[in-house]
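*Asks:* One structure is given below, represented as structure tokens, and several questions about it will come after.
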Amino acid sequence: MGAASSTEGEREPLLVPPDRETSIQPVYSQVYGRRWLVLTLFSLLAFMQGIVWNTWGPIQNSAMHAYDFTKSDIAVLVLWGPVGFAPWLLFIWLMDKKGLRVSLLLSAFFMVIGAALRSVPVPEQHLRRWLIHAGQLLNGLAGPTIMSAGPLLSTTWFAPDQRATATAVASLVSYLGAACSFIVGPLLVPAPNDTTRAMVNRAVVSTDTQMNHIRDRIQLVLYAELGVVAMLFAAVLLYFPSRPPMPPSVAAASQRLSYRSSICRLLSNVRFLMIALAYAVPTGVVAGWSGVLDMILTPARVSQVDAGWIGFWSIVGGCVFGVAMARFADSIRGMLKLILVLMMAGASLASTWFTLTCLTRLTHLPSTAATLYTSCILVGIFINSSVPIFFELFIETVYPVPEGITCGVVTFLGNLVTGCLLFFLTFYSTELSWLNWCLTGSCAFSLVLILFFRESYDRLYLDVFVSV
């Protein structure tokens, strides 16, 4: 498939069906109960990576008040996430050569050191800001493994009828962590004009007292995140095997292409590049769009708090709907393209609805809180829930390219789109209405590519028709 095809030796499975006419003993696959523990540890680490990445956005007013951050500082703190994907080739090489355990330990180590640097309570503000930026960058370096290893984990540990579900859980939980930061941060850190009840009851509250209180609460959040990340690092260090004693399926044990051959295969496969762009463009744009959602909704008289809740529910809805659709895909295997067509058609309609609603002076469409909430949340649900379905289709399209390499390439492309968009928004753009049209166009662009995409299911064929 694509521009280059694999040889018979590369496609020959290590687990082969028994020959009835010989006395060779068959090799059986096996699914282990410990797979749920492995998935839980990975998911918790991904959850914390998402929370740490989005620490500062929900409390940006408090951070600007306490640490003299500017809006550019806050934007750069978020930008360190996509920047962490710069050495993606190194991380996917490590995942391919050393396996899940070594790759995840390195990512967890980066997260621990990064969380520790952010928590150092130095009094000098300039040094403190550099430590926080360094910590965010190290957390971003954990992203290439955290965001691309889910399909590898599902193939290595889970049976074919559970793979899409495991992929959905592992790949979406980092989004859920970013969503929960919208609750954790504002819940624990007061806004500059919203200190504790004891302070409010005072006749006069000094600015220094208020600032010190906000700093203490931010420090509490940083310490709490450091403690959880450190415990997860210790848990992964104690127990996180790269693979089970016996593979769960024929595809899990089959021979794969080498690292160099895999990269060449991916870059020369037109069908893969089509579906990779169909994934990277809308997911990258929606990530940048949601990051400035409060500013986009300001002309519609939506408060920052309400905008945060819209972002939260769109991500949570996308995670729940994504797991449900992945479970549905497991039950009717071979229908990934149809599911993606329906999802991206829904995303195109929802984003068009939202864009036209924001232009109510021209379109005369009703611009109410209910319409803005509904259209915005539907955009997040349709796009975010498509991520695990895309991942499964990538792997089926380019099999026998290893899962870690395939998903590492596409997550890099998605973060490249997000990084470019955030960089442009941070330093060159002040008017944001065009971003709504950009979102609508990206969804329509993805839908067209998926419609013209010719699907294939080589990995599924191997599992179904090569019985053991």
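Heads up, the Cβ atoms here are built off N, Cα and C, so glycines get one too.
Note that TrEMBL annotation is computational and uncurated.
Positions annotated as transmembrane segment by TrEMBL: 36-54, 74-95, 102-121, 166-189, 220-240, 270-289, 309-326, 338-356, 372-395, 407-428, 434-453.
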*Asks:* At an 8 Å Cβ cut-off, counting only pairs 6 or more apart in sequence, do the transmembrane segment (220-240) and the transmembrane segment (74-95) clear the bar of 3 or more pairs?
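*Replies:* Result for the transmembrane segment (220-240) with the transmembrane segment (74-95) is no.
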*Asks:* Please give the sequence-distant neighbours of the transmembrane segment (102-121): residues at least 6 beyond its ends with Cβ less than 8 Å from one of its Cβ atoms.
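*Replies:* Distal contacts: 42, 45, 48-49, 52, 55, 91, 94-95, 128, 131-132, 134-139, 141-142, 145-146, 149, 219, 222-223, 225-226, 229-230, 232-233, 236-237, 240, 242, 404.
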*Asks:* Should anything in the same chain at least six residues away from the transmembrane segment (434-453) have a Cβ under 8 Å from its Cβ atoms, list it; otherwise answer none.
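*Replies:* Answer is 271, 274-275, 277-279, 281-282, 284-286, 288-289, 292, 296, 337, 340-341, 344-345, 347-348, 351-352, 354-355, 358, 379, 383, 425.
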*Asks:* Go through 36-54, 166-189, 270-289 and flag the stretch with the largest number of C-beta pairs under 8 Å relative to the transmembrane segment (372-395).
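*Replies:* Per the Cβ under 8 Å count, 270-289.
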*Asks:* Using a Cβ distance cut-off of under 8 Å, indicate which of 36-54, 166-189, 270-289, 338-356, 407-428 has the most pairs with the transmembrane segment (74-95).
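*Replies:* Maximum Cβ contact count belongs to 407-428.
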*Asks:* Where, among 36-54, 166-189, 270-289, 407-428, do we find the most CB pairs under 8 A to the transmembrane segment (309-326)?
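*Replies:* Per the Cβ under 8 Å count, 166-189.
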*Asks:* What same-chain residues lie close to the transmembrane segment (270-289): Cβ under 8 Å, and 6 or more beyond its ends?
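*Replies:* Same-chain residues near the transmembrane segment (270-289) but 6 or more away: 1-3, 296, 340, 344, 347, 379-380, 383-384, 386-387, 390, 393-394, 397-398, 406, 409-410, 413-418, 421-422, 425, 435-436, 438-439, 442-443, 445-446, 449-450, 452-454.
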